[in-house]
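First up is the structure itself, then whatever we jot down about it.
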Amino acid sequence: MGSVEMRSTEDKVDLDSDEEIPFSSSHSAIKMQSTDCETSRITSPRHLSHRWVLRKMNHISPLRSIYVVLIKAKINMLLPFGPLAILLHYLTGKQGWVFFFSLVGITPLAERLGYATEQLAFYTGSTVGGLLNATFGNATEMIISMYALKNGMIRVVQQSLLGSVLSNMLLVLGCAFFCGGIVHRQKDQEFNKATALVNSGLLLMAVMGLLFPAVLHFTHTELHSGKSELALSRFSSCIMLVAYASYLFFQLRSHRNLYDIIDSEQDNNAEDSDEAPEINQWEAIGWLAILTLWISILSGYLVDAIEGASDALNLPMAFISVILLPIVGNAAEHASAIMFAMKDKLDITLGVAIGSSTQISMFVIPFCVVVGWFMGQRMDLNFQLFETATLFITVLVVAFMLQEGTSNYFKGLMLILCYLIVAASFFVHVDPSNDDN
């Protein structure tokens, strides 16, 4: 009788071990299935099918990479909208639908671009990974801006970049503060006030760079009418690029101790959640190239359809450029900022939201001015009085929210409501310079 019991026990152990062997062969495979399997030990037909697919794909790395990047995430359900937009462009020519489907199709690509960057950060380290995250997180805005600049749509470039800064500072940061405050409502969340003040100072410098060309234009005090404003914009852009390069040196070398807290939080967060890369380094680089190329293609159709969509949907160009385009471009930052805030990692949240705003205002905008200079386009820093005033007030509001070094759900709610006011303002705003450009 005892031998029978021992044999049945051995059979059970063998069955369990046979079931677990395929998953222990790859740590990344364990990571892929953890979100679906850890919450329940009940085996269902769907669960078995999912495990069978992962077991088969685990032996073929490219197939596993395709599954993880293009199939696993639920947001990938929106990927077919991209090819559909291209088909509609050639079959129907209805710019409103082409714009809408291009906008929806770019959304998952922007999110997946952020995911591939995070995977690459496992191999490059947190410091370089943070820069990669900010750079590729803004890749969508940069690509759209380059296409619009090439087509001479200077106001679209200016307003979309301005909208990206406003979206990051008000909507993304507001949602992060709100969600983090709801989850941790028993206390005020804290973050590194010193790094937040450095970014606030850079944003105020960006406002200064945008303010003086606008004031020079609207006070009619140019030394050479039509030329001084452009010359000042190009000079200020070069200064802002130098300032951003100095900021990178400040962050990475001379005052790296200020950012050690963020790096240690990233490392602790990875250890606590037992995170591991789901794709290897070269797969991440390959996906970055593929996703960037696909975003570039869709951005071309998106930019071409903006004017037709404005007429078809009866929406102001300013509202489309400042509100709709940045929401798509900030999809990756939005998801990351909220996730880290809910984990009480507010320093990383600020690095994503405010850091991205800083990069756009101090690097992307001046870079577009310099590129337009070489293209022969009159891209300048005169964002018009209404847009410049909006940015100035927004930076003051956010700087005031960050000065205490704490956040809660009420601060987040105020930032979200401020963004709604900004969105409503641009919905009723008529751009006076459409005929000028």
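Cβ coordinates are placed from backbone N, Cα and C, and glycine is handled just like the others.
As given in TrEMBL:
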| type | residues | note |
| --- | --- | --- |
| DOMAIN | 97-252 | domain 'Sodium/calcium exchanger membrane region' |
| DOMAIN | 284-426 | domain 'Sodium/calcium exchanger membrane region' |
| REGION | 1-21 | region 'Disordered' |
| TRANSMEM | 65-91 | transmembrane segment |
| TRANSMEM | 97-115 | transmembrane segment |
| TRANSMEM | 127-149 | transmembrane segment |
| TRANSMEM | 161-184 | transmembrane segment |
| TRANSMEM | 196-219 | transmembrane segment |
| TRANSMEM | 231-250 | transmembrane segment |
| TRANSMEM | 284-303 | transmembrane segment |
| TRANSMEM | 315-341 | transmembrane segment |
| TRANSMEM | 348-375 | transmembrane segment |
| TRANSMEM | 381-402 | transmembrane segment |
| TRANSMEM | 409-430 | transmembrane segment |
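The stretch in 161-184, 284-303, 381-402 that contributes the largest number of Cβ pairs under 8 Å to the transmembrane segment (348-375) is 161-184.
Under 8 Å from some Cβ of the transmembrane segment (196-219) lie the Cβ atoms of residues 165, 169, 228-229, 232-233, 236-237, 239-240, 243-244, 247, 250, 258, 350, 354-355, 357-358, 361-362, 365-366, 380-385, 388, 391-392, 395, 398-399, 402-403, 405, all in the same chain and six or more residues away from its ends.
The stretch in closest packing with the transmembrane segment (315-341), judged by the count of Cβ pairs under 8 Å and taken from 65-91, 284-303, 381-402, 409-430, is 409-430. Sequence-distant neighbours of the transmembrane segment (284-303) (same chain, 6+ residues past either end, Cβ-Cβ under 8 Å): 65, 69, 82, 85-86, 89, 98-99, 102-103, 105-106, 109-110, 112-113, 116-117, 119-120, 123, 136, 139-140, 143-144, 147-148, 151, 153, 156, 277, 325.
Between the transmembrane segment (381-402) and the transmembrane segment (65-91) there are fewer than 3 Cβ pairs closer than 8 Å, counting only pairs 6 or more residues apart in sequence, which means the two stretches are not in contact.
Residues of the same chain lying 6 or more positions beyond the ends of the transmembrane segment (409-430) and with a Cβ under 8 Å from any Cβ of it are 166-167, 169-171, 173-182, 185, 315-316, 318-319, 322-323, 386, 390, 394, 397-398, 401.
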